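Worksheet: one structure, shown below.
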Amino acid sequence: MHPDLSPHLHTEECNLIISLLKKCHKEHNVLKFFGHCNDIDREMRKCLKKEFEENRRRNREKRQRIINAHKASEK
């Protein structure tokens, strides 16, 4: 199962791959069960993972800045 694939949650790159996957599923509604769209699906999952890791890194940096600012204000 994929996470929410709403366009406002993802980068343009991932949105393009998501739309290609949806198009593939629509055009090949039977072949999709036999792996016809698997390559696009793998690319989408790789893009979503990269996005997730980037968000995680950004949040970690933000948290560290907040902690450092809090420690500096205590001194």
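Every residue, even glycine, has its Cβ placed from backbone N, Cα and C.
So that you can see what the record holds, here are the features copied from Swiss-Prot:
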{"type": "DISULFID", "residues": "Cys14-Cys47", "note": "disulfide bond"}
{"type": "DISULFID", "residues": "Cys24-Cys37", "note": "disulfide bond"}
{"type": "DOMAIN", "residues": "11-55", "note": "domain 'CHCH'"}
{"type": "MOTIF", "residues": "14-24", "note": "motif 'Cx9C motif 1'"}
{"type": "MOTIF", "residues": "37-47", "note": "motif 'Cx9C motif 2'"}
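Swiss-Prot feature annotations superimposed on the structure.
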{"residue": "Cys14", "record": "disulfide bond", "DSSP class": "helix"}
{"residue": "Cys24", "record": "disulfide bond", "DSSP class": "helix"}
{"residue": "Cys37", "record": "disulfide bond", "DSSP class": "coil"}
{"residue": "Cys47", "record": "disulfide bond", "DSSP class": "helix"}
In the same chain, residues at least 6 away from the ends of the motif 'Cx9C motif 2' (37-47) whose Cβ sits under 8 Å of its Cβ atoms read 2, 10-11, 13-14, 17-18, 20-21, 24-25, 28, 31
With the cut-off at Cβ under 8 Å and a gap of six or more residues from its ends, the chain residues touching the motif 'Cx9C motif 1' (14-24) are 5, 7, 32, 36-37, 40-41, 43-44, 47-48, 51
For the domain 'CHCH' (11-55), the averaged pLDDT of the predicted model is 94
Other C-beta atoms within 10 angstroms of the C-beta of Cys24 (disulfide bond) total 18
Filtered by Cβ under 8 Å and at least 6 apart in sequence, the residues in the chain of Cys37 (disulfide bond) near it are Leu21, Cys24, His25, His28, Leu31
Across every protein chain in view, the count of C-beta atoms other than its own within 10 A of the C-beta of Cys14 (disulfide bond) is 20
Same chain, |i - j| six or more, Cβ under 8 Å of Cys47 (disulfide bond); the result in sequence order is His10, Thr11, Glu13, Cys14, Ile17
